[in-house]
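The structure appears below as structure tokens.
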Amino acid sequence: MSDTKVKVAVRVRPMNRRELELNTKCVVEMEGNQTVLHPPPSNTKQGERKPPKVFAFDYCFWSMDESNTTKYAGQEVVFKCLGEGILEKAFQGYNACIFAYGQTGSGKSFSMMGHAEQLGLIPRLCCALFQRIALEQNESQTFKVEVSYMEIYNEKVRDLLDPKGSRQSLKVREHKVLGPYVDGLSQLAVTSFEDIESLMSEGNKSRTVAATNMNEESSRSHAVFNIIITQTLYDLQSGNSGEKVSKVSLVDLAGSERVSKTGAAGERLKEGSNINKSLTTLGLVISSLADQAAGKGKNKFVPYRDSVLTWLLKDNLGGNSQTSMIATISPAADNYEETLSTLRYADRAKRIVNHAVVNEDPNAKVIRELREEVEKLREQLSKAEAMKPPELKEKLEESEKLIKELTVTWEEKLRKTEAIAQERQRQLESMGISLETSGIKVGDDKCYLVNLNADPALNELLVYYLKDHTRVGADTSQDIQLFGIGIQPEHCEIDIAADGDITLTPKENARSCVNGTLVCNTTQLWHGDRILWGNNHFFRINLPKRKRRDWLKDFERETSSAEHDLDAASEASSEPDYNYEFAQMEVIMKTLNSNDPVQNVVQVLEKQYLEEKRTALEEQRLMYERELEQLRQQLSPERQPPSSASDRLAYSSQTAQQKVTQWAEERDELFRQSLAKLREQLVKANTLVREANFLAEEMSKLTDYQVTLQIPAANLSANRKRGAIVSEPAIQARRKGKGTQVWTIEKLENKLIDMRDLYQEWKENVPEAKRLYGKRGDPFYEAQENHNLIGVANVFLECLFCDVKLQYAVPIISQQGEVAGRLHVEVTRITGTIPERMAEDDSSENSSESGSLEVVDSSGEVIHRVKKLTCRVIIKEATGLPISLSNFVFCQYTFWDQCESTVAAPVVDPDVPSPQSKDAQYTVTFSHCKDYVVTVTEEFLEFISDGALAIEVWGHRCAGNGSPIWEVDSLHAKTRTLHDRWNEVTRRIEVWISILELNELGDYAAVELHQAKDVNTGGVFQLRQGHSRRVQVTVKPVQHSGTLPLMVEAILSVSIGCVTARSTKLQRGLDSYQEEDLNCVRERWSDALIKRREYLDEQIKKVSNKKEKTEDDMEREARLVEQWVGLTEERNAVLVPAPGSGIPGAPADWVPPPGMETHIPVLFLDLNADDLSANEQLVGPHASGVNSILPKEHGSQFFYLPIIKHSDDEVSATASWDSSVHDSLHLNRVTPQNERIYLIVKTTVQLSHPAAMELVLRKRIAANIYNKQSFTQSLKRRISLINICYSCGVTYEIVSNIPKATEEIEDRETLALLAARSENEGTLDGETYIEKYTRGVLQVENILSLERLRQAVTVKEALSTKARHIRRSLSTPNVHNVSSSRPDLSGFDEDDKGWPENQLDVSDYSSSYQDVACYGTLPRDSPRRSKEGCPSENPHALTVSPFKAFSPQPPKFFKPLMPVKEEHKKRLALEARPLLSQEDSEEEENELEALSRKLMLTQPYVPVEFADFSVYNASLENREWSSSKADLTDSRALEKAVSRSPTTSSLTSGYFSHSASNATLSDMAVPSSDSSDQLAVSTKEVECAEPPGPSLAPDVRRASNQELTEVGRGSGKDETIAVPLEENSALPKGTPSPQSIPEESSRMPCRTASCSELDVGPSKDGHQAREFCPGEVTIEHTTNILEDHSFTEFMGVSDGKDFDGLADCSVGEPSRRRALTNETDHKGIPERPPDADRLHPKIENDQEATATR
């Protein structure tokens, strides 16, 4: 007994023509017995990091390049290594086996069979076998050889040597003596190699005929050739004899790619077929045997009997056999996955251990045992009553048959073989097939047909000679007999005329194609023409005498070489190389409306790809240019020699160019491969559909199949490869009276196998066909359809960086590229952190321990622990699902590196009855919650930065999916869809206006707003005559009002005008409602609907006018009617939208909050629907909303109000308003009793998203001017104090664009069908259907980009809710609390503790979102810890983020989230930033003064729309410093010149800003006495208000320029700095000191002071006071620092310290709110659009002026 492992060899074939055309790279390398598989070239970082796979085998055959003689392994080498060893074992009496494994086209058949010039393993083995027999045979030793040849296809065994053909399938039985065997398999005796060759040739012909008749793919069948060698040994002396019997099995397995390839949605179920069962089971058997050999499972069950193949090969796998395996692989990169699968398969197989024994003298023993069994069975049969006689009888017949076969003499076997060979020859001759074994190498003088087959082993194997009159058909009387789908009993005739002309005449209803063109009349044939009969009988005609050289010359003269079709191409060569694929492609291209759908698809995709490529390359070039510019700026001449700088720039430039080139090459490569794949798939799909339709029509199944297009599920994920084709063919199966099912190509392939079997049984009238039919189910249409993919929801995981919970309703994108509902998910980080160093540079290659954390153990050694992160995924519910797929919905996803998919099942409570309402079908609840622990690596960080968690949502079709499509429920769904569509492009924002007046305490306090029923503006402001006023404008987003990603960045300008007086009794009140933009939206919407209606009318008319309507036409008509009805509903929605429908212009269906107007005006941004980009620069006079004028606004004059300050916590601006500039009698006098004053406040805001643009918002306000409140009014005010309102507002609905789906003429499903059908006609705009569909499908990229943006903004909102430090207004759904803030802070300062006084600085727009993405304590050695920061007069000049040290690398998709100001640095500044000094040296002071003179030259900011008016500029006495904003170069100069921290700036308003120093507050001494607290003033400008007591001199307009002096240090928390006054101080020397501040002031809890809170005036905390003493000025500001100094625990407002609330308490506390202000009498700038009169003529009539609601 010999225990040996299975020998495994691997052979790599040369590149084929297709791979050479695609320029694919070779990824396989062989050295000795090692095979190295390199990862294919990829444009992702993960691809670059993949290591090569190394495998070791017994033999590695390099057959790539024949010219490399030292390395090349030919057929002879393969035979010597494998064949000779097998042959030797066979002669020793061992069983032996060789099986070839690999994907289709990898060279299995070539290795096993070869061809005439290069014989393969089997012919060489047989030849060597008989050569050795000839040498060794003598008197004492004789040899007998028998062969059998069978095919296993779809779990059925067919005898290829059977003369009756291989139609009948044989049964596999297992005998306890013989083991598994095939009952009835021919075992023929042979005496020479020629006999074997003849039998194999005839067997292959039978196989070809059967495969062609049934249209089976021979590459999907297994062929087993058995050679049984019997050695008889004679002892001449004693006369005894003994036998050795060995069986050699040569197995050519089916193509393995069916198993290794997985479908788009994970491993697709192989439905309805056993085609892959054998290979799958073989893999399981090999794995089980490998585990047994490794000692893992000695008793592990080996599933031999699960498939016919493994059952028959039981002895060869792990049993009594010497087995070798040859694995054939492709070297091409595009076959990487299949190659890897094959190598892994072979790697496991080499571990199998077989136990071979010599089979000595088995016959005598077998015969004896069989005879004993026969006697026992006869006895049982006569005696047994309990057992059923038929079973025993069958067993008895089986054993007797075996005995008979074993006792047949050798001579009888030879006679039987001869008789079978003659019968087969007669049968082949009757079919018209030549018996020549040499294939098509026949006489030169004969005309013949040769078959074309996809399998190279069967191609051109059958030769049919033509007579003068040849009849072709299925009837036995025909000269050439063909059987199969579409072949008529009498199909066609071929005639050869006397002059040599050959013609083909098809019969009626007999499908005949010549060169792909369907022919109905007599057609002349030429040499090389391709003929198709029926569905799948392809032939090529060979006419040796008629090569038509003369005719070709004439043809070439007449036809341009550039423009000839396939027909001409076929005639261009006398010896054309036309294979099966060419003929098949030719038929498909010419059958479908004589058009090439594949070419259309390819052309459209190529055109769009080139456009994308050009755009992307341009963007790439600009990006690299920006990088180079930054490098040039960083390389200062002082630091580096000029030569090194230029070298570095040259190198950078070269590297940038290389990157662009490499990126373009990789993208081109991927695109070429994708196009080739799409072409193959479309050809294949059309072929399969044609055959399925033939079968269904023949068998009257009332089922129709057609090709449609869909997006592969893998391409709906954000993790997909970029540049891949985003569409794939799919099959629509439709049965009359039933719904439509969508099948994959693989599914139809598998179904077709059962269809063919059923068809064959139906043709042969097999009585058990019905029984088999019932058992298998109907392969034409599924009664119980399996689950369908509803769509894929992409959850971007950036929130794991930020440690915030992402709660979001993720859109589910369907395979037609539409949103098919929303999945409500929650993703959060439970434990673990993102490491700082890795976060800073997750691509650093020099850190070997990047995925671990350094920890010092007890012994002092540094050990590395793996960093872990736990994140939780919760799936709550799916809403808005399509009603047809809302049965049994479940979710499936794979998180990061998890091996298995996670399935989330829906919540089903059997006790609760399902609700009957229609809406219930739209929502499915889940209770899925799962935690994942992952190791933090660079790859994982890259995944959460760039990738997404793709959750697939699956569902089953509802039972009533065949109901009429325009039912009421369907219309409800349409309305819901309409709401969802508009929800994606709309967002609401509120504009609140309040007016502040100077009160008796010197504070600006909000005036009251009296509300009344007849007031439409929200209320009437009660203004006191002659008081100084300010206007405060606040812009807020409205939560849950739409999913448009809207970001209001800042208020740019505030203007006021259009003063109108109205009678309360005689005239209607005015408000802020206008319909300019709403009318524009409705007009655009109506235009789109009119286009669709015209198109639908035309299509319906076209279909209706058809005299004979096909099934397709009727369904098309039904779909058109459905769309027409839906269009009517949509048109109604345009004109009369239902209240609360979410459609712009819908009647207000809400109760507005106090002060809010009821009606909601619309503003239309008119952005590009694809990517929400603006077609032009929407700034200044082109800003959105400029022309959205209100009634009575025509020709009115507006005045620009200087902005005093911006708010830190929201987008809010306070502007000074001097009402006298209007020169209006109505504003200067007390308002009469029955009169009301109306004004319009116009606010220009900066949007950063959805596009960088300016937006003009208008709010009409009503005012009443009084002199003094009467006693009654005063009493009323006190009684109703609680309900007093101080601000009024209006809600705007912002519409970015018309929903894209509205403009689509066909629904996506129909468009996909029309595109796949490749209809010639175009749509109204000249585009073809395929172009429309492809453009629509390519929008998935945009959907994902916008979704990335929406989720990123949601994360930022979550951050702002968690800690109020983001100073911008963010607006997206799913977050309840929004922190709106001002983006123009000037810098960032830190105190001794190493944490910032500012909550956060977002002025550093050049840095990425990472600056605010994480929290963490700033390291003590941070370069930003020094007190002397880098000041900047430019708010955006900072280039280093304060959070750089502990935030992750910016995700690539966060670039668009940066404020647009960084991109528009050349725009006029919003405001200037003067500097606060700390303890300056004289030199620094001089530098400062020099810079300040420079800055004086710049002008204050004026919006572009006011450029035509005189600039408002206050005249300031003795003012040397004019606040302004310098450009970027001044910023850099200033950073270099001065080294200190900046603070809030004064604004270019002509007013002074009250600023206190925030420099080292914790270092200042505080006296312990009750004397006044002191705080230094270092600002260059201080605005002083008049305190109660002795008045100050009126020229208090300048602050001291003296350097700060520190008074001393104390132990208390509150510190002061005293500043000595100059001689020309604003305070007179005799000014007495005000009263001390109460002691409570010094005991206030500490907190972080925001820069803007240092402004004097109505501050937020209300603890700001000023005291003036002789000789010095002190300003006190009490800071509030958290007791716990950990920056990570700072919670801001969410901790309950609501600082805003403290401001209200400060009224009536004069000692705490002393303000020194001196308002100069400034005039505003009159503002009026230059073209206002031209665009909008003045309307006098009240009725015209009032907007219609």
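Cβ coordinates come from backbone N, Cα and C, glycine included.
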According to Swiss-Prot, of the residues S512, S1549, S1600, the one annotated as phosphoserine is S1600
Candidates are S848, S1426, S1481, S1636; I want to know which one Swiss-Prot annotates as phosphoserine.
S1481
Quick check on the annotations: Swiss-Prot lists coiled coil for one of 20-60, 1086-1126. Which range is it?
1086-1126
For the annotation coiled coil in Swiss-Prot, which listed range does it cover: 525-549, 1175-1199, 1475-1499, 1675-1699?
1475-1499
To the nearest Å, how far is the Cα of Q103 (ATP binding site) from the Cα of S1274 (phosphoserine)?
94
Whole-number Å value for how far S1274 (phosphoserine) lies from S109 (ATP binding site) (Cα to Cα)
105
For the domain 'FHA' (469-519), mean pLDDT (0 to 100):
88
Least surrounded among the binding-site residues, given as Q103, T104, S106, when other CB atoms within 10 Å are counted
T104
K108 (ATP binding site), number of other Cβ atoms within 10 Å
29
Neighbour count (Cβ, 10 Å) for G107 (ATP binding site)
23
Cα distance (Å, whole number) from S1274 (phosphoserine) to G105 (ATP binding site)
97
Go through G102, G105, our binding-site residues, and report the one whose Cβ sees the most other Cβ atoms within 10 Å.
G102
